[in-house]
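Report on one structure; see the data block that follows.
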Amino acid sequence: MFGLVRKRHPYELLASELANTIQHQLTRLNLAYREKRDGVEVIHRVEFVEPLKASPGVIEIEVDLSRLPRGVDVAALRDARVLETLTAACKYPVKFVKKASGAGSWFVVEITAMSKIPRMVKLDSMRQPAKAPPLIIPIGVGENKQQRWEDLRTLPHLLIAGATGTGKSVMVNAVLCQLIKRFDESVLQLWLVDLKGGMELSYYERLPHVKTLVTKSPELPAMLLDLQVEMDRRTTLLRERESRDLDAYNAQMPRARRLPYIVLVVDEIANAMLNKSRVNLDGQKMSVAQATEALLADLAARARATGIHLIISTQRPSVDVVTGLIKANFPCRIAFGTASEIDSRVIVDDSGAHGKRDGRMLFRRNIDLIELQAPFLSDSEVKATVKRVLSGEYEPEPVKTAEDVARDEIGYLLALSESKAGRRFTARELYKLSDGLIARARIEQLAARLEQEKIVHRKMGPFGRSIAVPAREWQKIYKPCALRPVPCEKPEKPAPPMPLEEEEPTLAPSIMAFLSEVEHEHLSPDP
Ligand SMILES: Nc1ncnc2c1ncn2[C@@H]1O[C@H](COP(=O)(O)OP(=O)(O)OP(=O)(O)O)[C@@H](O)[C@H]1O
Ligand SMILES: [Mg+2]
């Protein structure tokens, strides 16, 4: 007899427990009808249709619409404040979903642990990492307030997709504002495409960084062709200098002849990818869509080494917009909320972005997939940032190539060795003296380079290296330099604009003191 009693699955038990909680909370919120019968209060509550649907991830509780208490309507049940109360009481997110006409309405309880990802992240609250590479951009904040920043040079391009109103333009603005605050037009050039009528990117139009702003899709292929020509010109220049990439090329060039990074931003690529009108491109007739796809794919495949990076966004993640060719060349993609699981899969090969909103995203970088909250900034903050950039309130950072950084570090270490280490050049000692500013392995690496350049003696057994030439000699090659961690806070007071000419490194007072000691030593006759 007992064997016939069906054992209820734990999720079914949880479902009825949650239904009770929801019913109780609705009654508490006065979503019930109370009447007195024979002096006794009788309460008519919101009732649910049995059986409740329960699966491991989600519990659906159908409201019995035919027996709603008097004075309670469906609109009241899906009020945002009501859902917040239910979410807090159930300890799981509760949504209200109206199914297709006549099929009823459900409270949907998602049985997933409440996300520890913040619901709102202001761009201002994200702190750029110390020693940030030039094209570092904010992506978002994940669990345990982990900030995610990425170097656009290594991404090397970014595709942003999601349904309308989910956060794409805010993201593009966050990236652009981060970049324009740091660099002037000698370091960063922007090619902007706003195919939503110029409403989204028009704020930036007056910036000196902006090379061009295209707002009509038939003009896009010609612009991409110009960018391709620029890419080819740069490729030739790099080849002539035997440089692997733009940084290596710039490291060999005086500051005035260095090439800026180029970032192409396209807001709403779908308008071009679905435009079948024909354009004449370099003597060939083809549709705007074909030309755009072919040029974008070529740029994405070849532009990285020449310092050209693409950020494109679309609200139509269908396969005719995010084509195989484009997807293959954009290994880094952001999916903001999508209208369907299929759209989410098209973007990040995972269904998780379905239904997300307000800047919540899935970020895919190659095989890595992570959920993040994108940084937010309002339109007025964008306008204010552009205004401050135009009035020179931010101090543009000089870009240091890897070679620039190495030279600074060498200048610092040699000066330190002269003043504080009796001209010994050992990694252990210099690491301590520099308060750990430069890692030991890095000092070893630089010492090996100096050994080859015959500026320090070869390492000999237990004695370690020492400087082999007088300070005057090495200073002809390396400038004594003060190293400081890169400031990552916003300057409290607006900094004056930097002169564009080659800048002398500024020296900290302590370094000045020991440099003058060094100089003094050299002026005094050798014993
Ligand atoms: N990171 C964010 N954090 C919180 N809310 C956000 C965030 N990003 C966007 N939102 C909210 O979503 C709204 C729409 O954002 P946005 O304009 O970026 O959408 P969109 O994806 O560009 O839409 P469309 O495709 O229509 O252009 C914003 O006004 C804001 O209220
Ligand atoms: Mg937009």
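For all residues, glycine too, the Cβ spot is worked out from N, Cα and C.
Automatic prediction, not curation, is the source of TrEMBL annotations.
The annotation ATP binding site is assigned in TrEMBL to Gly162, Ala163, Thr164, Gly165, Thr166, Gly167, Lys168, Ser169. Secondary structure at Gly167 (ATP binding site), taken from DSSP and collapsed to helix, strand or coil, is coil. Applying an 8 A CB threshold to same-chain residues 6+ apart, the list for Gly167 (ATP binding site) reads Phe336, Gly337, Arg357, Asp358, Gly359, Arg360, Met361, Ala374.
Across the domain 'FtsK' (144-345), the prediction's mean pLDDT works out to 92. The domain 'FtsK' annotation in TrEMBL covers 144-345.
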Residues close to ATP site centre defined by Gly162, Ala163, Thr164, Gly165, Thr166, Gly167, Lys168, Ser169, Cβ within 8 Å: Gln315, Phe336, Gly337
Cβ-Cβ neighbours of Thr164 (ATP binding site) (radius 10 Å): 10
Nonlocal neighbours by CB distance (under 8 Å) for Ser169 (ATP binding site), same chain, sequence gap 6 or more: Glu200, Asp267, Ser313
Cβ-based isolation winner (fewest other Cβ atoms within 10 Å) among the binding-site residues Gly162, Gly165: Gly165
Among Ala163, Thr164, Gly167, Lys168, Ser169, the binding-site residues whose C-beta sits under 6 Å from ligand 2: Lys168, Ser169
